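**Student:** Here's the feature list from TrEMBL:
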type: DOMAIN; residues: A:10-140; note: domain 'Exoribonuclease phosphorolytic'
type: BINDING; residues: A:Arg86, A:Gly124, A:Thr125, A:Arg126; note: phosphate binding site
type: DOMAIN; residues: A:157-224; note: domain 'Exoribonuclease phosphorolytic'
Protein chains: 6
Amino acid sequence: MRPSGRELNEMRAVSIETGFTKHAEGSALIKVGDTHVLCTATIEDRVPPFIKGSGLGWVTAEYGMLPRATNTRMRREAANGKQGGRTVEIQRLIGRSLRAGVDRVALGERQITVDCDVLQADGGTRCASITGGWIALRLAVNKLMKAGDVISDPLVDPVAAVSCGIYAGQPVLDLDYPEDSEAGVDGNFIMTGTGQLIEVQMSAEGSTYSRDQMNKLMDLAEKGVAELVAAQKAATA
Amino acid sequence: MRPSGRELNEMRAVSIETGFTKHAEGSALIKVGDTHVLCTATIEDRVPPFIKGSGLGWVTAEYGMLPRATNTRMRREAANGKQGGRTVEIQRLIGRSLRAGVDRVALGERQITVDCDVLQADGGTRCASITGGWIALRLAVNKLMKAGDVISDPLVDPVAAVSCGIYAGQPVLDLDYPEDSEAGVDGNFIMTGTGQLIEVQMSAEGSTYSRDQMNKLMDLAEKGVAELVAAQKAATA
Amino acid sequence: MRPSGRELNEMRAVSIETGFTKHAEGSALIKVGDTHVLCTATIEDRVPPFIKGSGLGWVTAEYGMLPRATNTRMRREAANGKQGGRTVEIQRLIGRSLRAGVDRVALGERQITVDCDVLQADGGTRCASITGGWIALRLAVNKLMKAGDVISDPLVDPVAAVSCGIYAGQPVLDLDYPEDSEAGVDGNFIMTGTGQLIEVQMSAEGSTYSRDQMNKLMDLAEKGVAELVAAQKAATA
Amino acid sequence: MRPSGRELNEMRAVSIETGFTKHAEGSALIKVGDTHVLCTATIEDRVPPFIKGSGLGWVTAEYGMLPRATNTRMRREAANGKQGGRTVEIQRLIGRSLRAGVDRVALGERQITVDCDVLQADGGTRCASITGGWIALRLAVNKLMKAGDVISDPLVDPVAAVSCGIYAGQPVLDLDYPEDSEAGVDGNFIMTGTGQLIEVQMSAEGSTYSRDQMNKLMDLAEKGVAELVAAQKAATA
Amino acid sequence: MRPSGRELNEMRAVSIETGFTKHAEGSALIKVGDTHVLCTATIEDRVPPFIKGSGLGWVTAEYGMLPRATNTRMRREAANGKQGGRTVEIQRLIGRSLRAGVDRVALGERQITVDCDVLQADGGTRCASITGGWIALRLAVNKLMKAGDVISDPLVDPVAAVSCGIYAGQPVLDLDYPEDSEAGVDGNFIMTGTGQLIEVQMSAEGSTYSRDQMNKLMDLAEKGVAELVAAQKAATA
Amino acid sequence: MRPSGRELNEMRAVSIETGFTKHAEGSALIKVGDTHVLCTATIEDRVPPFIKGSGLGWVTAEYGMLPRATNTRMRREAANGKQGGRTVEIQRLIGRSLRAGVDRVALGERQITVDCDVLQADGGTRCASITGGWIALRLAVNKLMKAGDVISDPLVDPVAAVSCGIYAGQPVLDLDYPEDSEAGVDGNFIMTGTGQLIEVQMSAEGSTYSRDQMNKLMDLAEKGVAELVAAQKAATA
């Protein structure tokens, strides 16, 4: 029934290549099916003005998409003179989600910027960015700990994300682009390795959904995130 | 326990003044406690390029805040040269939410723009905007129907929104600003008059929440939205 | 002869509601006929760089119009990415006019920003902004004096403004929108409570006027400003 | 008493070099003392959308200042990414003033853009721009008439402008920069060759003025404009 | 003597992976040492306004760099609100260079946009972009020819580019970042497979060079481009 | 054969008027045929952040063109909200070229900004800007030396620039606009008074050129620059 032939509760194949670029303190190319996102983490010894002197660290994120990551070419945001509304919304979500998994006292007064750049898109780029961004963050923090700059691990419980939706009347896990563009309801579920929730966003355009449907999507999401967390652990072991 | 002395499941006082401005096809000043939002609906006989000729209508929204709506003055976005990320995120949410309650075939090929401008802010401005925006939309559509431009009512089931969160460890309904700035978890629940879900956004910053907590907030939201829908009906009767 | 049925030298009804919003140090909703402007005054303990350390205070103003304040919806300036030429011109005029009524030594090294946001427009928004802006300023300064932060009153002589023009060949006082859009000549007269001039702007587009006509408009303006100053005093007594 | 040693009612020396650049349909370098403005007029066979098909012509203006036209270097507006408020205000004034002297029916459905670029500034650049801009316009219209594209002269009565102000307590004609920066009140007077008024702008910052003072400045302005119109005629004879 | 231990006339290792992304009509990841650029070519059935109806095709290019492609993170251009001067200069060069190798009559009235996005930078990114961009262009044109949309091959003679410079007093081929940041003179040489020149840019900052030195760099460039053209051919055979 | 009737190796007439504006520390109007550029040099006692405290000076340049400097009017860059790619490229070239002729240690920790504004364009504006910009720089530095602020002359060897190209199959010196718009290949040659090279940019669009042709253009450029340097010396003697 799904265009890809997957089971309703089946994720796409996930692969993670760490160290994809050499300059960043942490970097990974994550592939969730045909969605490929390059994530890098940059450590800087400064924090935003609003927490200066607080002893707390900060994690923020930026998101971008190459112009021809998609089926038809999109205008480059730098040429447009601004980041679009969708971009801004996504990068705020990524930053907020990653921060929820960070002990900012343990991190100490420094900032880590996670850049998520979509090289190829096939649905679910924001979820892949969160899942891959966590890996880049993990690798960067490992470097800080190895150097003795951070003593207690600020990343206790991993963060990963998956989208679920109602496609052709059925709840399905990990929407790809053909499903995403048809789905009446779709949601993004950001969770931790221990099954706690960080952020849930479920939206319908031109229709509505029931609490029961919501619960079914939550069940699928729990399965998906568990698999993604396993893949993260394998990649950074 | 709440700074305002309200019960855990108690909304702030809601008042709605329709026809607050005279030019718009629909207008209302909604007050949810000390949060005051002026909502206007503008009908235009054109639609965005991507649905031209489809026979479908479109509903979109814009959001703004007067510089001194808040406790300290914020720089005017027009002077900044762009709408901030928060503004963009909110106005996309308002538009998406209102569209979910609209039968775009019945509306016909025209656009209604709902402007939500916060005159005074005390938490929950996006939810008040959706609730008040629906009223402005309702009034504008009434005008279309009275004029015979629209035959079948495109607004079948009303749309309203409320925020809930975990404040001082307790699930509470309709966060005001002092609660919002302290809450570990807060969510926005956009629902219809018949209790269906349109959008759920629950986010935690620097912490996480369980499915059980999520369900408790959902219960509160259902109560709040039911009260808001009653107020909408009273105001537009 | 006038569309509204007013006498040639008759102002529209003026009403002033002080304290319209709660956060600002001073706020007022001024209604001059169907032109409604929300004015707020914000006090900050800093001044622009060019007077830092001089001991002088500063008063500045910003002006905005809600998108549907007018008969047809205007694009939001924040969405356009800049303030239009008309906006910039008006807010510079408001700031300059208010400053002319302020003893900046008595004010001391602090800045007051007066925001004038038009909720509904029917001609004469810049004049209503100046008249209402002065009230917000007055209320904010009262607060400073009450707190003992300012000893000698920096607002000696009130400032108000009215427009006059030549409509259908006749000099008329306080143009409303139907008159303004037809007038061959129109002028804005900013004056003090003692009848001194602060700024006069009289312009013709596609025609010209004589010194004699100019003097007749000045006479009308003196009458109008006197009435506005009386209304200001009544509102802030 | 004046820094330049001029009489109270004495203009600076005025010189006009027509044909200063070769591409424009009309061009002139006007020097009013040390204020030098290059004015060019460009004819285009198109009009702004709002008068398309009306048969009416349009005249508009743009204003700029070279970065080192002034005593200290100003940042280039193109580098700033926008025209400043002062620039926008001035170019709107120039366009409005020139249009007041144009019979737009006689001009026919075409647009003339007058560019006024200040090469060197010493006070009064907006007035010199209007006076010089009229010459560029005159030359461009001459070309249209010579070619038979325009039959009846659309420029019946010339337009010129001068500033006057109260300097050291005295009304003076044609303020230069040292006077302008000290003057308590200064005004710009745009008039025609027959002594009609097009626009009067008199403003005080931090002080006020009486009707009597205003009338004295008007008298000076009439004298100055008469001399400027004579110079325009001599230059374009 | 070179930091990398290379001979004076030795290129870095070059590798080319075609088909790196799936949506673009042509794509390649080119690696010149540690400089990695993802190049995609997009075909569109429209041309810029200035050649509409001429029957000629157009090739244009855009260039970007991921924020952490470099040793320290650079601010994202989309967040800055504009493309920097360096970016604009480079993408104009890439477009101009590729066009020089294209028979625009044979291409027919369509546009090909070549996007060059630097994933990792180590000097010479503009040259790698041109060399890799040509491959993406080659693959896209192959697709057009295979589909019969283009009959005669518009890409007769391949285009490639290399940088040379004077490092530590010696002319060297293919500068990497450590060399580039120290070189007194550096040049970019864009040439064809038959040794013709397309563009030469040699610049010195804070020093100068002789014609004799220029000729030595030209000799090196001829060697380097010949090797790059061979690699291009191997990759697209 | 050349539209202007010049010999293949003949420059246009060059005239230089120093002191064209009075405020700048150095200023000159350079005319190369019908290309007229106003160059000013501004001295400031501050340097860009990246050399603060180094004791080194900095020379930078900005470039602009009046809207009607060209045959058809161009939109003003300040109104466009940004400098175009061509402008940015040119002003970077001017700055780089002038710096190559400056001993930044001798200059001391100060910045000189050279503004080059094209009043009238007929080809070769960037070369005229460099040649004229050097004169403005020379005059400004003379002032510094006269005042004893700089002891040892930081401008040892003058900098000038000329364009050459292949027009109608022939190498020609100093392209004017009719030639430039037809030339298959054109180059800009920036050199010193002693014949050293600073920057060479030779580009072909839609064709290529040989090393032999390049050498012929270099020969012409050497002749042209020698004549320009002589003119510079005469003007500043």
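For all residues, glycine too, the Cβ spot is worked out from N, Cα and C.
Automatic, uncurated: that is what TrEMBL annotation is.
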**Student:** Other than A:Arg86, A:Gly124, A:Thr125, A:Arg126 themselves, what residues in this chain have Cβ atoms within 8 Å of the centroid of the phosphate site's Cβ atoms?
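**Tutor:** Going along the sequence, the neighbours appear as A:Tyr63, A:Ile90, A:Val118, A:Ala121, A:Gly123, A:Cys127, A:Ala128, A:Ser129.
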**Student:** Look up A:Arg86 (phosphate binding site) in the DSSP assignment and reduce it to helix, strand or coil.
**Tutor:** helix
**Student:** Which residues, sitting 6 or more apart from A:Arg126 (phosphate binding site) on the same chain, put a CB under 8 Å from its CB?
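**Tutor:** Non-local contacts for A:Arg126 (phosphate binding site): A:Tyr63, A:Ile90, A:Leu93, A:Ile94, A:Ala161, A:Ser163, A:Asn188.
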**Student:** Restricting to the chain of A:Gly124 (phosphate binding site) and a gap of 6 or more, list residues whose Cβ falls under 8 Å of its Cβ, or answer none.
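**Tutor:** Same-chain residues close to A:Gly124 (phosphate binding site) (Cβ under 8 Å, separated by 6 or more) are A:Val32, A:Thr35, A:Val162, A:Ser163, A:Asp174, A:Leu175, A:Asp176, A:Asp180.
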**Student:** Please classify the secondary structure at A:Thr125 (phosphate binding site) using three-state DSSP.
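**Tutor:** Helix, per DSSP.
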**Student:** Would you mind giving the whole-number mean pLDDT across the domain 'Exoribonuclease phosphorolytic' (A:157-224)?
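**Tutor:** When the pLDDT values over the domain 'Exoribonuclease phosphorolytic' (A:157-224) are averaged, the result is 94.
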**Student:** Taking the Cβ of A:Arg86 (phosphate binding site) as the centre, count every other Cβ atom within 10 Å, in any protein chain shown.
**Tutor:** 14
**Student:** For the phosphate binding residues given in the record (A:Arg86, A:Gly124, A:Thr125, A:Arg126), what is the largest pairwise C-alpha separation in angstrom?
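**Tutor:** Max span of the phosphate binding residues, Cα based, is 13 Å.
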**Student:** Using DSSP, what is the helix/strand/coil residue split across the domain 'Exoribonuclease phosphorolytic' (A:10-140)?
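**Tutor:** Computed counts for the domain 'Exoribonuclease phosphorolytic' (A:10-140) are 43 helix, 40 strand, 48 coil.
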**Student:** If you run through the domain 'Exoribonuclease phosphorolytic' (A:157-224) with DSSP, how many residues end up as helix, strand and coil?
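**Tutor:** Residue counts for the domain 'Exoribonuclease phosphorolytic' (A:157-224) by secondary structure: 18 helix, 30 strand, 20 coil.
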